[in-house]
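**Student:** So Swiss-Prot has the following annotated:
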type    : residues       : note
BINDING : Met50, Gly198  : substrate binding site
BINDING : Arg125, Thr171 : ATP binding site
Amino acid sequence: MQPDLHSRALAAHTLQQFRILSPLTHCMTNDVVQNFTANTLLASGASPAMVIEPEEARQFAAIASALLINVGTLTRSRAEAMRAATEQAHIAKTPWTLDPVAVGALDYRRRFCLELLSLKPRAIRGNASEILALAGLAAGGRGVDTTDTAVSALPAAQALARQTGAVVAVTGEVDYVTDGQRTVSVTGGDVLMTRVVGTGCALSAVVAASCALPGNTLDNVASACSWMKQAGQSAAERSQGPGSFIPAFLDALYHLNAEEQV
């Protein structure tokens, strides 16, 4: 059965809620994308915070509206901080999202991500290779790049969602978002989104922030994917290449509104 296409009208309504709430999003993300991630959250309407010291991370996870764990530049000290934050988020019922960057290529981060799954993420966002690997299936991948397609990883995403209780977003040319029972697809975007560093990581931050919203988590996560794809498509139409794409993307996300999405 083909997944239903996520409603842009629902995405527009969710964006209105998102901007009213402006979720305080604790981003424990990788060094390469911190600035772009923070700016993406601000442009979308959320409020970013980057707190990484273990003692502070534990404390802040209970204060934040949502938490992102991105293992892109994982170190042992950073893993300690991430573990402390997710443990506190679990206790405080702060929704947290896992971005298992390059989990299929490197053993240490794979073991770490599998350990964190016991702390019940609200959402997991990754490319096809990452989702396949996290689900325990063979995957092709070169670091953060994927050699698998999102649709090929959909059964793994559905199984992972049932196993963990998380909403799983496997993203690519078409994004698929599933809770293990219901699945929706999200279209849009542009190839330029793959020609700059950080769009996937920034998407994970917006997904994390969306998990702070009331209502259905699957719909909220799919809406976050929709906002990013619509902004990417709009920015590509105004860009001459990767260098002009990033500021155009932030502008497009900032100006995204209900009328443009319906």
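Glycine too: its Cβ is placed from the backbone N, Cα and C atoms.
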**Student:** List nothing but the one residue from Met50, Arg125, Thr171, Gly198 whose Cβ has the fewest other Cβ atoms within 10 Å; the candidates are the binding-site residues.
**Tutor:** Met50
**Student:** DSSP on Met50 (substrate binding site), three-state: which is it?
**Tutor:** coil
**Student:** Can you grab the distance from Thr171 (ATP binding site) over to Gly198 (substrate binding site)? Cα atoms, rounded to a whole Å.
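**Tutor:** Cα-Cα distance, Thr171 (ATP binding site) to Gly198 (substrate binding site): 14 Å.
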**Student:** According to DSSP, does Gly198 (substrate binding site) sit in a helix, a strand, or coil?
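**Tutor:** Gly198 (substrate binding site) sits in coil per DSSP, no helix or strand.
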**Student:** From the Cα of Arg125 (ATP binding site) across to the Cα of Met50 (substrate binding site), what is the distance in angstrom?
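**Tutor:** So the Cα of Arg125 (ATP binding site) lies 19 Å away from that of Met50 (substrate binding site).
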**Student:** According to DSSP, does Thr171 (ATP binding site) sit in a helix, a strand, or coil?
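**Tutor:** Thr171 (ATP binding site) sits in a strand per DSSP.
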